[in-house]
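Single-structure report; data block below.
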Amino acid sequence: MPDAAIAIPPRATERRLPGARLRRFVPWALLALAIAAPFLLSAYNLNLLARFMAMAILALGLVLIWGHGGILSLGQGVFFGLGGYAIAMHMKLADLPAGELPDFMVWSGRESLPFWWQPFASPAFTLAAILIVPALVAALFAWAVFHRRVGGTYFALITQALALAFATLLTSRQDVTGGFNGLTDFYSVFGFGLSRPAVAKGLYWVTLAILCLAFIGLRLLLASRFGMLLRAVRDGENRARFLGYSPTPFKVVAFAIAGLLAGVAGALFTLHAGVVAPALVGVVPSIEMVVWVAIGGRYSLAGAILGALAVNLARDGISSAMPELWLYLIGALFILVVTLLPNGLAGFARARFGGEGRA
Amino acid sequence: MDSLLFLTQLFNGVSVASLYLLAALGLALSFGLMRVINMAHGEMLMLGGYLAYLTLIVVPGPLAILIAIPVAFAGAALMGGVVQTALISRLAQRPLDTLLATWGVSLILQQAARDIFGAIGVEVRAPDWLGGGMAVGGVNLPSTRLFIIAVTIAVLAGIALLLKRSRIGLLVRAVNQDRMMAGAVGIDVRRVDLMVFCLGSGIAGLAGVVLALLGPVTPNVGQSYIIPAFLVVVMGGLGSLVGTTVAALILGLFSALAQIFVDVSMAQVLLLLFVILFLQARPQGVIAIRSRALDA
Amino acid sequence: MAFQSSKILALAVSGLALALASCSGGGADGAAKGDGVAVGVLQSLTGTMAISEITVKNAEMLAIDEINAAGGVLGKKITALVEDGASDPSTFAQKASKLIEDGGVATVFGGWTSASRKAMLPVFERTGNLLWYPVQFEGNECSPNIMYSGAQPNQQALPALEWAVKQGYKSYFLVGSDYVYPRTANLILKKHIEKGGMAVAGEAYVPLGGTDFSGVIAKIQSAKPAIVINTLNGDSNVAFFKQMQAAGLSPKTLPVMSFSIGEQEAQAMGAALVEGSYATWNYFQSLALPDNARFIEAYRKKFGADAAITDPMVHGYLNVWAWKAAAEKAGGFDPEAVRKAAAALGGFDTPMGKVSFAPNQSLVQKAYVGKLKGDGQFEIIADSGADIAPEPYDPLAFPGKTCKL
């Protein structure tokens, strides 16, 4: 792929630009603004921003696997859902009077708590599950597919089927998953009442901190030897193989990290949205996750954050005002970005404002 | 186990397989040739359904459905040609981007159908001569399903003939084997791409007509068939007619027989697990094309 | 690379700031605003549920317009803030809090799927606002912040079963879409069928939107039930009836009782396909009542001369009128006072006859059994006689559960 060069653009011309020094302060100013957001925004808008930031964490994972690994996953909703359901199960159990069952189990005719629900009563187990389960499932799935050298388009199609199967399974096992309704009606997490404004602010800062952490971590990872080899595998799997590197471990590890980020994103999203349901993890939401990153810029971490925030905000605004228009708009935007701006808005910004003269 | 249920499901498996195959054939043809997947393929099915609806309005009568088939074929082929020319040919060598761009097309087509025909779907009635059925050994075989199986066999035979016997088929096989070489000897590769894409879309349009006999015609009807069709393509192997047919049969029978023991939702989940396990054994699909090329 | 990222980040956040600014700029119409009162109308205008929910939105808007034309509520004109739930539960929750917290609405009319209601419930409980929910549902819920006007299971599913028992059907096959309402309704039905000494011949679920019924129909054929109870949703019904017909099972040879096929669905499917099948609702368009005729005329004048009128639309319509009456009785728009006043309203006239809200905030109403005719209308062949008091928890299926408000 010729795009590799774009992924790490030359920086030499940069310093000559006027205002370059000023720009160095921009990220810090923005960070300060983001930290101050709870004091600037209404409760509703803060909640919205927090949700979209959670989604941005997932988008970062897509930059790793899709932009730098060449792996297109149309099934990130699965890992998002695993994280979301893990925290939701904990919250369902935490608010429960002793000896009672979660409401949906009662009306589904279940008489006892399934054994695999029980450990989720423990906060420590839940946190561990959020970190481990999505990553582990992602690793196992990726290994099963990649070690037989199935990749590319096949992989994308299989991940889409995985998203369908996951959503179908969640829907059909209503007595243990809450079915189509999903899990909702939470009152507290780890002892903090969710309706308190202070808790909402705290959760926002936690989300922001995790987003920053993921951003920094991935930047280091992409700049490391691992990142380089991942790009090498993307650009020529067999070349990497001849040089003595087996591509499978790189792809599996990258996919597992993306799975981990998706799981954390799902857990945070569930906290902010107050609901997790199959409709949030199925085929269409999984593709939409790719849309954020395609529009923001698949090679750029900052671009992915931009994409996730911008697309979701636009949807919130436009779909209320003109619901029919939204689908045409997102469809057309997607076609245009993919065909004309494969590096997304980030690539466009670089070409337009970066002074490198490449379009 | 209820042996009558088993036999009925065996027949249903073949019937479902024929639907999968009709939905997947066009995908498999163009995937074999260009290595691209058209996510808007499901909307070609939808288009076929709506064209059947329109045809039934213009020419009422018992045989209208037979007229609808070529009409839908032509309409969907035309739409396919537009998508191929305007979009896919510009994304050559970027198969994953093609996947995404065509998803945008699929969104737009669905919303367009919603705006033109309404979200609620339209009525396509099976003609009366497809009403009955026949009983073989106690198993009731509905005429509609027999008709669809017959159409599938006819389409398969038609494509096989086209590929094996016609000049166009020769060109397609040449490009399939070695795109660069075919181009070098003067074959207009892009025209071959366009023809195959139109043919594939046309088959989907035709499939949309027969699907309308058993299901609804709505803006999102394509979405319910597209994922099984993808699985058929993944399992069938690169562009092989035989491989695709066998894969459709395996998946159709698997799904129908699984439904004897589990519900439909679980059967869907098992179907995916089955495909992943199958790829462990045969990563190249049912029919593997042997090639010395490194990056197939 | 550091410079590059920072620039993009700058772009990102400035865009974000802009968008947020434009967000918070809109909809600051408070309920307390001098000359008007804001209410929310929250239905899916896009996505799979839009087809049904838009009609309910229309009916709710019709009621609002009529009330405004007649002078408003407590001398205030109603301003409707319409939001799109996009057929997605988390969007419903998001838009509900937008309406309440940013829009300052006095109350919200909306929701269709159980999933949307469940997702909105915590928002209404947290903010102390009130939701008017217009669709039949599976019960097992009783929140002080929701008025449930759609049928409880004992107002639709059980009357349907009673009718079937009276017809002498002894063996039942339950087919449904794979989601909460069908599964819970069938759970309740099964308990009652078994208690009545009859047989459940089989039970099958198909994923929402599913179109392959070959396996389900094979199971029906091998189970040979006397009647099929159908809780399929939307498009699946078309596939189900087409494939039943192809298999030689028309509603005439094997009766089908549906809980989700109304006038609109019948019209869309082609009434010929489902002619002769049964449905149970609290309202049919064919109800011969003067108020009903008036409502149908008003709706058609506004939204099309051949528009089909369905049960949830009438519930959405009567919700708005009930809210007006309750607010006037309470003398203000405080949700707490309004809901208490609503439960104490007594009987009021609606297109479906005189109804009232019970203390558990669900509607006391009749049930009707209709048989579908070739023109897409139902011929009412039986009714429950007396009004049925709503029971959120079926005593047989969920013993010991009661509604605590």
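Keep in mind that glycine also has a Cβ here, set from the backbone N, Cα and C atoms.
According to TrEMBL, the transmembrane segment annotation covers A:25-42 (among others).
Residues 78-80, 82-83, 86-87, 89-90, 154-155, 158, 162, 247-248, 251-253, 255-260, 262-264, 266-267 of the same chain, all 6+ positions outside the transmembrane segment (A:124-146), place their C-beta atoms under 8 angstroms from a C-beta of that stretch. The annotation transmembrane segment is assigned in TrEMBL to A:124-146 (among others).
Per TrEMBL, transmembrane segment is recorded for A:153-171 (among others).
Per TrEMBL, the feature transmembrane segment maps to A:202-222 (among others).
Under the heading transmembrane segment, TrEMBL lists A:252-277 (among others). Listed as Cβ neighbours of the transmembrane segment (A:252-277) (distance under 8 Å, sequence separation of 6 or more from its ends, same chain) are residues 47, 50-51, 53-58, 60-62, 64-65, 68-69, 71, 73, 76, 79-88, 130-131, 133-139, 141-143, 146, 178, 180-186, 189, 194, 203-204, 206-207, 210, 214, 221, 226, 230.
Beyond its flanks by at least six residues, the transmembrane segment (A:289-313) meets 3, 6-7, 48-49, 51-53, 55-56, 58-60, 62-63, 66-68, 72-74, 76-77, 80, 211, 215, 218-219, 222, 330, 333-334, 337-338, 342-349 of its own chain at Cβ-Cβ distances under 8 Å. Taken from TrEMBL, the feature transmembrane segment covers A:289-313 (among others).
What TrEMBL records for A:325-349 (among others) is transmembrane segment.
Sequence-distant contacts of the transmembrane segment (A:25-42) (same chain, at least 6 residues past either end, Cβ-Cβ under 8 Å): 49, 200-201, 204-205, 208, 212.
Long-range contacts of the transmembrane segment (A:153-171) within the same chain: residues 71-78, 81, 85, 141, 145-146, 177-180, 182, 278-279, 281-283, 286-287, each at least 6 residues beyond the stretch ends and with a Cβ under 8 Å from a Cβ of the stretch.
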